[in-house]
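Listed features, source Swiss-Prot:
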ACT_SITE  His107  active site
BINDING   Tyr25, Gly26, Ser27, Gln28, Arg48, Ser52, Asp82, Glu83, His84, Gln85, Gly133  NADP(+) binding site
BINDING   Asp190, Glu194  Mg(2+) 1 binding site
BINDING   Asp190, Glu226, Glu230  Mg(2+) 2 binding site
BINDING   Ser251  substrate binding site
DOMAIN    2-181  domain 'KARI N-terminal Rossmann'
DOMAIN    182-327  domain 'KARI C-terminal knotted'
Amino acid sequence: MAKVYYNGDVNEQVLEGKTVAIVGYGSQGHAHAQNLRESGVDVIIGLRPGKSWDKATEDGFSVYSVREASAKADIIMILSPDEHQPAIYKESIEPELTAGKALVFAHGFNIHFNQIVPPEHVDVFLAAPKGPGHLVRRTYTEGAGVPALIAVYQDATGQAKDIALAYAKQIGAARAGVLETTFKEETETDLFGEQAVLCGGTSALVKAGFETLVEAGYQPEIAYFECLHELKLIVDLMYEGGLEYMRYSISDTAQWGDFQAGPRIVTDETKAAMKEILSDIQKGKFAKGWILENKLNRPEYNAINEAEKNHPLEVVGRELREMMPFVKASKSKGVVANAKN
């Protein structure tokens with residue numbers, strides 16, 4: 001079982017006299033920066049010129065170029081998207097990594113897959129809230145917090161874990177609980193969850209269900225409601241109380257159908273495919289493919305993305321959502337991983 005730390009387990013004094021630079025001011029960046037500041041930490045922001053720079057300035061932060069912020073800071077938290085981090089690091093952060101500084105991540109991808117290789121004289125650790133930035137911020141203001149993961153990759157000062165815990169506490173996470181992990185575990189399980197269950201698995205299941213009903217002659221609007229729209233109702237129940245609470249809350253007919261049909265959908269072959277997906281992640285095959293795809297300017301990614309936008313499920317969904325003004329689509333990118341970024 002994971003080791004869990006709470007407020008009373010943390011020595012926040014290790015942050016005294018230190019300046020934290022938050023690189024990025026998106027979903028996670030604004031939450032980390034504001035929570036740290038309100039916890040008494042000296043925070044600056046590192047950005048490129050643009051809307052985020054203006055927003056951070058409006059919020060009362062001192063904003064600098066990434067390189068200047070990295071030079072001024074003792075602790076540098078990188079909250080830009082995974083695919084942008086290596087270039088930002090190489091150009092603007094690495095030259096300013098003097099001995100004793102700390103490099104921090106909210107997702108382990110670039111460290112675990114060697115896209116960023118820090119010098120030996122700096123601490124490297126993970127501080128990853130398990131929720132989107134707006135929730136990290138809101139729960140903090142309410143006196144609560146979102147659980148977070150910490151992991152130490154490199155301990156040059158002998159204080160990396162203490163600093164990681166203090167950072168997590170000052171963004172509110174130790175109010176809920178901070179779980180200790182490793183960069184390997186966080187990275188591989190995060191990618192697997194996204195691919196096999198949360199994004200890849202769920203998207204494929206929803207599309208297959210929709211297509212099955214439409215091909216059998218049912219109206220696409222009805223198929224959309226049954227296979228996509230109502231998914232939120234079930235996921236919310238799982239979120240609140242696990243599978244047991246979901247099953248308690250649905251009808252007995254639905255629960256019996258769950259027991260009878262579920263194993264016919266997710267079969268031994270499905271689990272074998274999941275193991276292959278996990279193996280590809282563990283061996284670095286997925287990472288290599290994604291890195292290459294980005295270097296080539298994402299030809300396959302963009303082609304698939306455009307095709308998916310025109311799937312009949314999406315076409316009918318856009319029409320039906322016009323009937324439901326209470327359904328609002330957030331335009332924030334990276335809500336799941338980079339809940340996380």
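Every residue gets a Cβ built from N, Cα and C, even glycine.
Structural mapping of features recorded in Swiss-Prot.
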residue	record	Cβ within 10 Å
Tyr25	NADP(+) binding site	27
Ser27	NADP(+) binding site	24
Arg48	NADP(+) binding site	13
Asp82	NADP(+) binding site	24
His84	NADP(+) binding site	15
His107	active site	27
Gly133	NADP(+) binding site	27
Asp190	Mg(2+) 1 binding site	22
Glu194	Mg(2+) 1 binding site	17
Glu230	Mg(2+) 2 binding site	11
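Break the domain 'KARI C-terminal knotted' (182-327) down by DSSP state and the numbers are 122 helix, 0 strand, 24 coil. Neighbour density for the residue listed as 'substrate binding site': within 10 A of its CB lie 8 other CB atoms from the protein chains shown.
Comparing the Cα of Glu194 (Mg(2+) 1 binding site) with the Cα of every entry in Tyr25, Ser27, His107, Glu230, Ser251, these being the recorded positions, the smallest distance points to His107. Measuring Cα to Cα from the residue listed as 'active site', the binding-site residues that fall within 10 Å are Asp82, Asp190, out of Asp82, His84, Asp190. The shortest Cα-Cα distance between His84 (NADP(+) binding site) and any of the binding-site residues Asp190, Glu226, Glu230, Ser251 is the one to Asp190. For the recorded site, Gly133 (NADP(+) binding site), the DSSP three-state label reads helix. On the backbone, the CA of Glu230 (Mg(2+) 2 binding site) and the CA of the residue listed as 'substrate binding site' stand 14 Å apart. Rounded to a whole value, the Cα-Cα separation of Arg48 (NADP(+) binding site) and Asp190 (Mg(2+) 1 binding site) is 28 Å.
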